[in-house]
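For HIS13, HIS15, LYS99, ASP247, the entry in Swiss-Prot reads Zn(2+) 1 binding site, with the evidence type sequence analysis. Feature annotation from Swiss-Prot assigns substrate binding site to HIS15, LEU16, ARG17, ASN41, HIS136, LEU219, HIS251, ALA263; the stated evidence is sequence analysis. Annotation source Swiss-Prot lists Zn(2+) 2 binding site at LYS99, HIS136, HIS174, citing sequence analysis. Annotation source Swiss-Prot lists N6-carboxylysine at LYS99, citing sequence analysis. The feature active site is assigned by Swiss-Prot to ASP247, with sequence analysis given as support.
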Amino acid sequence: MTTLTITRPDDWHIHLRDGAQLKDTVRDISRYMGRAIVMPNLVPPAIDTETALAYYDRIKAQVPAGSQFEPLMVLYLTDKTSPEEIRKAKASGKIVAAKLYPAGATTNSDSGVTDLKNIYPALEAMQEVGMLFLVHGEVTDSSIDIFDRERVFIENILSKIVADFPKLKIVLEHITTKDAVDFVTQASDNVAATITAHHLLYNRNHMLAGGIRPHFYCLPILKRNTHQQALLGAAASGNKKFFLGTDSAPHAKDRKEAACGCAGSYTAHAAIELYAEAFESVNALDKLEAFASFNGPDFYNLPRNSDTITLVKKSWDVPVSYPLGDNNVVPIRAGEQIDWQVE
């Protein structure tokens, strides 16, 4: 039987939600992830240090006994985020980054930034204190085609931020295009990117050909297969700028299977298992450990995990749904099989 032992991985981008859903999302992510960057787009969002730290406490209260899982918190940037708030967040020791959501770009982003110039003072402070800048890299102009919004963001916005703040560490999150791969590859060592398992395994044909499959609908949206291949190439290249970020984003079944369904795919039930499939598909299992366990903490200037997990090449049946608070969530690969499992 094929086995693969790797240093315990981390998830550098996840949505854990809040309230009754928290016990279920934390249960899934804490099975074998050491740490996770927890997104702050709650209702209301975590726009200040106190709110983010209270959320940290709620997450920790749900970590199962015996798990060493540690949430890493993120501040939600708004037009009014002050340099003082950035310094306060950094001094907390629990908040490691601040997140740009262009207003209206994704789930619960209505409180986001309307004009980048409004956050330049905050970015200056982040550059000074060494706080990372996480970016949802899509424009929100309705005249821009949804499949082009990442590319246009990089060309018109991100390139300027990188030039204006050369010492600011920036993570372009959940990249979906060859354009993003090329930009990150060519940028300075202060620019990195996360890649999801579902963007490595799927493209827009999986979502749209032969019927609409709403559980593949996420933002940024799945792109054509040429972009998928570029992502696989980047992830499997060994380039230290690319690392694991699931963007696992649960929504109740009835909110996905609807006339106007929510964006987000749930992969926390089998994150590293799905990444193993993706890396195996390009004969690069030997590159999985760096992508999943080394590149992220190295970029964040955090220690790598010291223990290991073991993956076994053994198929298992994915349930059609998992509990999610008072509802259920339909995961990626629901009712089908995954080729790998964690021992």
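These residue numbers are counts, starting from 1, taken along the chain as shown.
Here the Cβ of each residue, glycine as well, is placed from N, Cα and C on the backbone.
Tell me about the setting of these features in this model.
DSSP assigns HIS15 (Zn(2+) 1 binding site) to coil, not to a helix or a strand.
Using a 10 Å Cβ-Cβ cutoff, HIS136 (substrate binding site) registers 24 neighbours.
Reduced to three states, the DSSP call for LYS99 (Zn(2+) 1 binding site) is strand.
A simple way to gauge crowding: the CB of LYS99 (Zn(2+) 1 binding site) has 25 other CB atoms within 10 angstroms, across all the protein chains here.
Of all the Cβ atoms in the protein chains shown, 27 others lie within 10 Å of the Cβ of ASP247 (Zn(2+) 1 binding site).
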Rank aside, I only need the closest one: which of the binding-site residues LYS99, HIS174, ASP247 has its C-alpha nearest to that of LEU16 (substrate binding site)?
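Among LYS99, HIS174, ASP247, ASP247.
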Neighbour count, 10 Å Cβ-Cβ cut-off, for LEU16 (substrate binding site): what number do you get?
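Taking all protein chains shown, LEU16 (substrate binding site) has 24 Cβ neighbours within 10 Å.
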Rounded to a whole number, how many Å is the Cα of HIS174 (Zn(2+) 2 binding site) away from the Cα of HIS13 (Zn(2+) 1 binding site)?
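Cα-Cα distance, HIS174 (Zn(2+) 2 binding site) to HIS13 (Zn(2+) 1 binding site): 8 Å.
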Can you tell which of the binding-site residues HIS13, HIS15, LYS99, ASP247 lies nearest to LEU219 (substrate binding site) in space, using Cα positions?
ASP247
